[in-house]
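J.: Take this structure first; my questions come after.
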């Protein structure tokens with residue numbers, strides 16, 4: 001069948017699109033490695049006395065996961081610097097560092113609403129080109145931050161990069177989901193997450209102090225995302241526009257067929273056109289669907305709630321907490337260079353995401369998500385036990401280390417990549433942009449909440465914090481089991497029928513009680 005064929009054009013186009021995802025991952029991870037170097041530079045630029053180093057460093061340990069920046073947003077900048085008390089000076093430096101970290105997810109939250117809208121207005125290709133303007137602007141501000149007020153330039157650059165990543169988190173899954181053959185949609189969709197974790201890993205490696213993460217070259221490290229942005233912009237000119245966008249949104253069948261023939265490597269694109277024709281007929285009756293309508297229209301309510309829950313499961317699973325604790329656990333285990341062990345976690349992250357690309361069409365999305373969440377639940381329990389008994393039994397640190405690697409592996413098999421492309425599969429052309437925008441906003445918001453609150457939760461719960469995450473993971477696992485349909489190899493019509501079937505099944509008293517809090521008792 002022609003639909004199963006992987007052509008050079010398809011490979012080239014998907015590679016080009018996920019360069020945006022790579023930038024997303026690079027921007028997520030790049031700020032971590034040079035943390036101490038940037039804080040030292042901030043102190044130098046702001047004239048904070050060297051005596052404050054201890055106060056600043058005591059805060060800075062692991063502070064990339066704690067974002068208590070928002071409360072400081074309204075604080076005016078006091079002057080002159082030389083007259084400030086040491087603690088006040090230190091708090092100003094930490095404020096600027098926290099803003100450097102938190103401006104990124106704030107930008108992502110804002111822009112995530114506009115990815116689908118931009119894709120509809122300009123087309124998928126032009127939208128990605130326009131988004132790259134933001135990526136370049138952010139990279140240039142950070143790359144030249146040594147030449148001016150570094151803290152202002154980095155905070156601005158990170159915020160603009162966040163805007164770019166917010167757009168991309170909706171645009172890339174939408175575009176590659178629309179150009180992929182039905183039988184390869186899951187595998188190709190998982191490449192978005194694979195590119196993200198590859199970007200994180202590359203940022204960790206080039207951020208090592210003997211490469212770019214040092215006092216001389218840290219600004220180049222931050223500005224390096226300009227390279228894939230320029231590269232992608234050049235390649236996008238040779239990529240075909242989404243046939244679904246051309247046929248369903250613009251009603252240009254000839255251009256859609258031309259695009260399909262390039263992507264499929266065949267003149268016979270009848271099956272694709274037939275499927276899109278059905279979608280267009282549905283879309284014409286649906287008209288344009290707003291975000292409000294996703295929740296008020298009974299046909300969309302259950303799919304959007306499931307979509308949001310999948311993204312919440314991804315972020316609230318404790319994966320960020322695992323990365324937060326990894327360095328300190330590796331240190332306790334006696335590893336002299338824990339940074340390399342943390343890079344090892346990033347490598348495992350990448351390998352198992354690559355594995356999920358091959359597994360997702362074999363095992364199915366729902367099955368992999370359930371396997372991943374179940375494994376994470378068990379690992380979180382072992383992680384907690386290891387942390388609680390760390391001071392009593394030295395070998396428990398190795399239990400915790402093993403749990404870290406396994407937790408990350410299970411995360412990338414299912415909950416990591418699957419939510420991004422499953423949302424695109426849940427919806428036809430009419431509601432898809434609004435649904436992807438809402439899902440991306442949910443993901444960014446949950447990311448920001450975890451970053452903002454995790455430190456306080458960890459301080460309150462201590463080593464028991466992962467028991468809390470184990471409970472959350474268990475709840476999401478049960479939700480997935482009862483409410484999430486399998487989408488492997490199914491058309492959008494078939495997936496909609498699955499939702500109707502699951503919604504109807506909630507009439508059973510037991511299921512109705514279990515899922516009442518999510519409105520599962522409503523019928524479609």
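Cβ coordinates are placed from backbone N, Cα and C, and glycine is handled just like the others.
So TrEMBL lists the following for this protein:
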- 13-488: domain 'Major facilitator superfamily (MFS) profile' (DOMAIN)
- 95-118: transmembrane segment (TRANSMEM)
- 125-145: transmembrane segment (TRANSMEM)
- 151-176: transmembrane segment (TRANSMEM)
- 188-211: transmembrane segment (TRANSMEM)
- 217-239: transmembrane segment (TRANSMEM)
- 304-327: transmembrane segment (TRANSMEM)
- 339-360: transmembrane segment (TRANSMEM)
- 367-389: transmembrane segment (TRANSMEM)
- 395-413: transmembrane segment (TRANSMEM)
- 434-458: transmembrane segment (TRANSMEM)
- 464-482: transmembrane segment (TRANSMEM)
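Quick one: how deep are these features, and who are their neighbours?
T.: Within its own chain, the transmembrane segment (95-118) has Cβ neighbours under 8 Å at 27-28, 31, 35, 38-39, 42, 46, 60, 63-64, 66-70, 72-73, 75, 127, 130-131, 134, 151, 154-156, 158-171, 174, 291, 432-437, 440-441, 443-445, 447-448, 451-452, counting only residues six or more beyond its boundaries.
Sequence-distant contacts of the transmembrane segment (151-176), counting only residues of its own chain at least 6 positions beyond either end whose CB sits under 8 Å from a CB of the stretch, comprise 14, 17-18, 20-21, 23-24, 27-28, 31, 38, 42, 45-46, 96, 99-101, 103-116, 118-119, 124-125, 127-128, 131-132, 134-135, 137-142, 144-145, 188-189, 191-192, 222, 225, 242, 420-421, 423-424, 432-433, 436-437, 439-440, 443-444.
A Cβ distance under 8 Å defines the sequence-distant neighbours of the transmembrane segment (188-211), meaning residues of its chain 6+ beyond its ends; these are 14, 18-30, 32-34, 37, 172-173, 176-177, 180, 217, 221, 224, 339, 342-343, 346-347, 349-350, 353-354, 356-357, 360, 412, 416-418, 420-422, 424-425.
Sequence-distant contacts of the transmembrane segment (304-327) (same chain, at least 6 residues past either end, Cβ-Cβ under 8 Å): 62, 65, 294-295, 338-339, 341-342, 345, 369, 373, 376, 380, 383, 387, 400, 404, 407-408, 411, 415-416, 418-419, 422-423, 426, 435, 438-439, 442-443, 446-447, 449-451, 454, 458, 465-466, 469, 472-473, 476, 479-480, 483-484, 499, 518-519.
The list of residues near the transmembrane segment (339-360) in space but at least 6 beyond its ends in sequence, with Cβ under 8 angstroms from a Cβ of it, reads 29, 33, 186-187, 189-191, 193-194, 197-198, 200-201, 204-205, 208, 322-323, 326-327, 330, 368, 401, 404-405, 408-409, 411-414, 416-418, 488.
Residues 310, 313, 317-318, 322, 325, 329, 356, 359-360, 396-397, 399-400, 402-404, 406-407, 409-416, 418, 463-467, 469-470, 473-474, 476-477, 480-481, 484, 486 of the same chain lie 6 or more positions beyond the ends of the transmembrane segment (367-389) yet place their CB under 8 Å from a CB of it.
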J.: For the transmembrane segment (217-239) and the transmembrane segment (395-413), check the count of CB pairs under 8 Å (sequence separation 6 or more) and say whether it reaches 3 or more.
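T.: No, the transmembrane segment (217-239) and the transmembrane segment (395-413) are not in contact.
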J.: Do any residues, 6 or more residues outside the transmembrane segment (125-145), come within under 8 Å Cβ-to-Cβ of it, and if so which ones?
T.: 17, 20, 23, 27, 111, 115, 118-119, 153-154, 156-164, 167-168, 171-172, 175, 219-220, 222-226, 229-230, 232-233, 236, 239, 241-242
J.: Determine which residues of the chain contact the transmembrane segment (434-458) at the Cβ level, with the cut-off under 8 Å and only residues 6 or more beyond its ends counted.
T.: 65-68, 70, 101-102, 105-106, 108-109, 112-117, 166, 169-170, 173-174, 289-291, 293-294, 300, 303-304, 307-308, 310-312, 314-316, 320-321, 324, 419, 423-424, 426-427, 465, 468
